[in-house]
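Annotated in Swiss-Prot:
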ACT_SITE  Cys98  active site, acyl-thioester intermediate
ACT_SITE  His391  active site, proton acceptor
ACT_SITE  Cys421  active site, proton acceptor
Amino acid sequence: MGKQEVRTRSGERVAIVAGLRTPFARQSTEFGQVPAVDLGKMVVQEMMARTAIDPKLIEQVVFGQVVQMPEAPNIAREIVLGTGMSINTDAYSVTRACATSFQAAVNVAESIMAGSIDIGIAGGADSSSVLPIGVSKKLAASLLALSKTKTVGQKLKLLSNLSFKDLMPVPPAVAEYSTGLSMGQTAEQMAKSYAISRAEQDALAHRSHTLAAQAWAEGKIRDEVMTAFPEPYKKWLDMDNNIRMDSKLESYAKLRPAFDRQYGSVTAANSTPLTDGAAAIMLMREGKAKELGLEIMGYIRSYAFAAIGVEKDMLMGPSYATPIALDRAGITLNDLTLIDMHEAFAAQTLANLKMFASDKFAQEQLGRAQAIGEVDMSKFNVLGGSLAYGHPFAATGARMITQTLRELKRRGGGLALNTACAAGGLGAAMILEVE
């Protein structure tokens, strides 16, 4: 028996009964004018329709968004108000960078475990196309002062102090606030620190695209992705548009390094692209799901989050969170049928795989006697990963949960690990179970 019981006080498990996502679209393509809140409404509305559940039965929505929009600071509540749920449905938003929808799922699960609710929805949405574009500090101060002036002369005097540079928009920050380092720079550092070659990174990216293309071709992804009709409703998107359907390994070598032009190995092709999309799952108390006659996709067996330093190895979160989740589930790496790791960068993914198998890392960093073990690649990211599908930050966790549960079902059940790194030196891991 594990150290963690994801059950209600009466012993009922937390069941996942539905999962759905929009297609994932590269930045400034099909979802180029669609804000994250609308992507979130779109997927939740469709998921409820597919389960044929009365929206009024939903008691809680926990949703996340990493790229925040000032006009909709609580995306979860906007989704409730825009999808026909009861106005009394509780809703709040969370953010844990790239692990946001894992956090949303855990929060709903814990509400069910506590007996506060029977049914909840968790997920996330992000748009890398519809962004909050800032202004310079001087312009912001001038605009604030302008609102308090009374005469035309006062207004003109204020405006005359602004230079052309002050009027230029300020693009969204891509670096860590605390360190000034971007995710790509950290991936480059990890590639060098852990001797991850360019060839290894390109090979993993090629593998991811090849497996994702194969999964789509075999119809394995179709039922977990809705057809989206973004405004003005003149076109639709029904599959991810980042996947290289005819990926060729030799083509990856043609790209130049993106973050260290002279000595680097991290490129646009072995990194996940900026992406727009949304994903959601529906969780229920096990007995409630059976009472409503809903098919149970699977259960959350355990979960863990970890936090590490941000100056180096910031994307090593899976190597810290995974051993905790395995211990809490009372299992080992060898007990898993599937392992799905978020591929932010090929370098980060490969570095974590190395540390999974490193006794030295386990002893020096984790205080464990030995490593959790080497990953059997026949179990790893078997349908491809984020390098192929793309990565709308807050949506990736819910995509992984749904995709993993469906693949476990096809294989006759078992246990699976979902794990992700996240900005700020965070990591998430979740053990899923299908009977």
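Positions of Cβ are set from backbone N, Cα and C atoms, glycine also.
The structure displayed is predicted, hence computed values, not measured ones.
Of all the active-site residues listed (Cys98, Cys421), Cys98 has the fewest other CB atoms within 10 A of its CB. Spacing of His391 (active site, proton acceptor) relative to the residue listed as 'active site, acyl-thioester intermediate' is 8 Å (Cα to Cα, whole number).
The two recorded residues, Cys98 (active site, acyl-thioester intermediate) and Cys421 (active site, proton acceptor), have Cα atoms 7 Å apart.
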